[in-house]
Amino acid sequence: MRHFIRSAAVAIAMATASTFTLSAAIAADLSGAGSTFIYPVFAKWADTYKKDTGVGLNYQSIGSGGGIKQVIAKTVTFGATDKPMSDADLEKNGLVQFPMVMGGIVPIVNLTGVKPGELVLDGKTLAQIYLGAITTWDDAAIKALNPSLTLPSTAIAVVHRSDGSGTTFNFTNYLVKLSPDWKDKVGSDTAVEWPTGVGAKGSEGVANTVKQTDGGIGYVEYAYAKQNNLSYSKMLNAAGKVVEPSLESFGAAASNADFKGAKNFNVIITNEPGDTTWPIAASTWVLIHKAPDDAAATGEALKFFAWAYKDGKETAKALDYVSIPDSVVDLIKASWKADIQAGGKPVYAGE
């Protein structure tokens, strides 16, 4: 996404690193870093929030791993990650986490003559492609899923993330659930030892590399596929149904997320049941310090998140993200008041 935001003091163009800056005449602009998955909606929210409140926001779309490192190092007010931190790591680093949005990860392909949503894949076949066991697009396993589609003999060019990525975590978490070979040989994390393929930095890098590579395949958050006019695949889900990526299919997966019953809101939503469920769904969590050094900046950040939960729903919907239910938002705000404090008082003063 190409987007320029200007103010009297700064004119920054978003490029490969996808850093957007909204400048405001306040002592402490909001600052965050991490997930590329949430970046498209963060960018839109930031635009509107600037117009509504005059408060600036700087968010670096550098991947979940980078966001975790920066918030721990206190170089930003908040981090964003698509892989929730463990209870032990949250406690060790004095952090709290809460979900911001949910959405879908889609396989993207560059196949001449194949339109978005025409190709069908499943988890086992996707794992075999990323293991390097399936190497051409006319392989019998792919043809079996696409009997009415004429597939070329083009070599498959695998593209994966080169940076620490929550998108990679959820993608590989899904493959682990569908492929014993993948589980044994590769596993799931924000960064893995890829058996084959080339790495690209960020979702932007994956999207651009696939777009430029004949026979390419990669994985990105759905908004990147739409915004870059990339061909994406349908998927065979846990119920054995072929489904398209959409707000509805992501919502079906999200409906299984029991955030209320999960400590630290730690819920993974890959390969969930249901006829209409998209199988590679994911959430993004915000990470923020319990006892922040800059209470004012943290308070402003929490105001922004509260605004996004309430007034950012339509923007999220337009980009095919699923909003966090109001009942869960109430729990999140209660956790802010209980857990994020300075001088013995809650940093968040909202409702």
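Placed from the backbone N, Cα and C atoms, the Cβ positions cover glycine too.
Feature annotations, courtesy of Swiss-Prot:
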type: BINDING; residues: S35, T36, F37, S64, D82, S165, G166, T167; note: phosphate binding site
type: SIGNAL; residues: 1-27; note: signal peptide
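Feature map: annotations from Swiss-Prot on the structure.
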residue	record	Cβ contacts under 8 Å, 6 or more apart
S35	phosphate binding site	S61, G63, S64, G67, A80, T81, D82, G166, T167, T284
F37	phosphate binding site	S64, D82, G103, I105, G166, T167, S203, E221, A282, T284
S165	phosphate binding site	T36, G63, S64, G65, D82, T190, A191, G202
**Request:** Report the largest Cα to Cα distance, in Å and rounded to a whole number, among the residues S35, T36, F37, S64, D82, S165, G166, T167 that the record lists as binding phosphate.
**Result:** 9
**Prompt:** Quick one: which residues besides S35, T36, F37, S64, D82, S165, G166, T167 have a Cβ within 8 Å of the phosphate site's Cβ centroid, in sequence order?
**Reply:** G34, I38, G63, A80, T81, K83, T168, F169, N170, T190, S203, E221, A282, T284
**Message:** Most Cβ neighbours within 10 Å: which of the binding-site residues T36, T167 is it?
**Reply:** T36
**Request:** Using a 10 angstroms cut-off on Cβ to Cβ distances, just flag whichever of S64, G166 is the loneliest among these binding-site residues.
**Result:** G166
